[in-house]
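Annotation comment: TrEMBL describes B:38-56, B:68-87, B:93-112, B:168-186, B:217-238, B:250-278, B:298-319 as transmembrane segment.
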């Protein structure tokens, strides 16, 4: 029983990371139609900014700085690189691919290819006993952050004017523009939000793995892509459900099966979902 | 005249190893030194791989993010059969290529049920499973993160040893010619025109009465087999297989090559592959002397790629059409300036 609880909470912790990355990806794709390969770069920007600032200004302020840096990176990428290629989706994907290659190389040249030790709050290293299972506290940090973000994001989308524009834009972009709303500001906003969430994921991932490295973003990004496709492109709740499913499946199969079987089972789940429900769990149509 | 350029370049490439010409700056040793020949052989392999990938990307318009899987299937397939099971190269290579083609047929039949971005994601996920499997070293077959060096006992003696690098170069050139012939034959065949039709408007192909699914699957399988063939030669040229050939980075590099050269054109992807592989290897060697981020080849290549997407949309192959108006304008002025 204690093993099951530990696996469940660890799986949900991993799911929290996937959700934080996938929700930004999903919003960006749903609204702007951009498949963002540079999302891993936003994640690294947040993680490295926090890692760099933490010894100078203390951890809490460094986390804020990291999120701001990642959001700024996201907004900057949209303004400078994506906007000139408006509606040319293949070129946009190619630019983000180039950016992800160059960005990882840039991080490597500045901070080296090796993993760096990442600070975390002292209480995150302790364990809490739940029904006989000793659960490390960093799991609760991840799950709590993800639940907060999910609630805040849904509230933002439902009750604010910009949330309304974003929801309408995901539904039908041309109609929003026809009503005289400049949807491009919403694009920048969505990139900044996605960047901030990815930066938060990078910081929490750094605390969870206790280290950061330039390649970390790319390896998490692939599972986030899978989560986005399973959850349905453009749907936040779909991403949350899919992230929980993927994280739990991966943990349980990795523990009870052979090493690596968890990762394989996630891809099998993806193939099954695509064959049975090509539009994903949330049911939004998937077209290029 | 123009149609004699490719055979002439081929002849030049075939006799290049006989020359002791030293090109300072471009290469470290004379042309026939093993180091230079190996660098050139790797360039040729990547030219061939990029052209094979362009069959999917530039011609059929299928943005696959999982092409590395089939390259790895060829490279690891031949490496495992030769190194672990002691097969001869001539038996192992066809089996590896056929195996990769079967794999492409199986996975393609699932992946092609989706289209657009979802197709890219599914191929990416499939390839990621390959990458994870290769890294986990199942049954000690793949050598894990270290890769699997090729055991030379099963190879023909003409392909073993530093002095025989020239034979590897010719082998790479021969495979490049084979892949060029296959892709260009498809280009001229009805299949090639159907692929381009699919890229431009899939519904029209369906309306004409052809099955888009079957045509795409055929292209996917052919591209997978060509990738495996390139992977086999890559394993021979670099002396083994490493997890890098299975990584998504390699697929991204292939996309960069195709776009740099000009996707969907006759020679574009090939030229892009040659250029990219050359720059990648040379910059890695020169890199130590350059300051800061310039020492990372991928930083330079990634930046170059982004600039190319913005300012040279047609790639290298598109340059000529962009030069033409400029040249004509210059010529007109010369005519106007001449005193007749």
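The backbone N, Cα and C atoms fix where each Cβ goes, glycine too.
Note: TrEMBL annotation is automatic and uncurated.
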Whether the transmembrane segment (B:168-186) meets the transmembrane segment (B:38-56): three or more C-beta pairs under 8 angstroms:
yes
Which stretch from B:38-56, B:250-278, B:298-319 shares the most C-beta pairs under 8 Å with the transmembrane segment (B:68-87)?
B:250-278
Report, as numbers and ranges, every residue of the chain located at least six residues beyond the transmembrane segment (B:93-112) whose Cβ falls under 8 Å of a Cβ in that stretch; write 'none' if there are none.
64, 66, 69-70, 73-74, 77-78, 81, 87, 119, 122-123, 126, 213, 216-217, 220-221, 223-225, 227-229, 231-232
Stretch of maximal Cβ-Cβ contact with the transmembrane segment (B:38-56) [cut-off: under 8 Å; candidates B:217-238, B:250-278, B:298-319]:
B:250-278
Sequence-remote partners of the transmembrane segment (B:250-278) [C-beta within less than 8 Å, at least six residues beyond its ends]:
6, 39, 42-51, 53-54, 57-59, 63-68, 71, 124, 127, 176, 180, 184, 187, 196, 199, 244, 301-302, 304-305, 308-309, 314-318
